[in-house]
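**Student:** One structure, as structure tokens, below. Some questions next.
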Amino acid sequence: MEHAEHGNSNAPMEYQSETGRLNILGFWIFLGAEIVLFSTLFATFFVLQNRTAGGVLPDELFEVNLVMIMTFLLLISSFTCGIAVHEMRRGSLKGVVIWTIITLLLGAGFVGCEINEFVHYVHEGASLGTSAFWSGFFVLLGTHGTHVTIGIFWIIGILIQLKKRGLTPQTSSKIFISSLYWHFLDVVWIFIFTGVYLMGLGGL
């Protein structure tokens, strides 16, 4: 039983406990559901993208510089998140904490930029009720931004556990699972950047 619980000691730390392996498998299934959710939101957005109701158009409001900053912050955070997992596998608690905190700061910067963006759009007359396009836009990006915010608080909780328990197969599996979640959100953002912003800046 002990062997079954701890598994192969040569495996990455996050896979060394049966609980960790099952949690990782379960999270992959959860990500499948998330893919369905965002696919539905993207499909809805693309159906509504030309329905601006004669109101403000996306190319009149979208700001290239802000979008590029947001993209930079999130993509770099994916890189730093990957480094944190690498440090975890090296057994460096300090490295995990440092790179995870950097990831959180970059994520917080992204959320701050998105909130600023939304406030600006609403001030300029684009809101959920302005048109079908803006309704689809705010729901899609708001859902993504909410996921990023949840991820930030989730990872903060993992950092607290790391401080109390250190690097164990259990905490390592949580770090790895949170990294999968974070990378998934980065991939979703790439689709948002391409399908929403680039098309919007091109006048739909």
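Glycine is no exception: its Cβ is also placed from the backbone N, Cα and C atoms.
Per Swiss-Prot, the features are:
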{"type": "TRANSMEM", "residues": "27-47", "note": "transmembrane segment"}
{"type": "TRANSMEM", "residues": "66-86", "note": "transmembrane segment"}
{"type": "TRANSMEM", "residues": "95-115", "note": "transmembrane segment"}
{"type": "TRANSMEM", "residues": "140-160", "note": "transmembrane segment"}
{"type": "TRANSMEM", "residues": "184-204", "note": "transmembrane segment"}
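Can you tell me where each of these features sits in this structure?
**Tutor:** Listed by sequence, the residues of this chain that lie at least six past the ends of the transmembrane segment (140-160) yet keep a Cβ under 8 A from its Cβ atoms are 34, 37-38, 41-42, 44-45, 74, 97, 100-101, 103-104, 107-108, 110-111, 114-115, 118, 171, 174-175, 178, 181-182, 185, 188-189, 192, 196.
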**Student:** Taking the transmembrane segment (95-115) as the reference, which of 27-47, 66-86, 184-204 gives the largest number of Cβ pairs under 8 angstroms?
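**Tutor:** Highest pair count goes to 66-86.
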**Student:** Cβ under 8 Å, sequence separation of at least 6 from the ends of the transmembrane segment (27-47): give me the contacting residues as numbers and ranges.
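**Tutor:** Here the qualifying positions are 136-137, 139-140, 143-144, 147, 177, 180-181, 184, 188, 191, 195-196.
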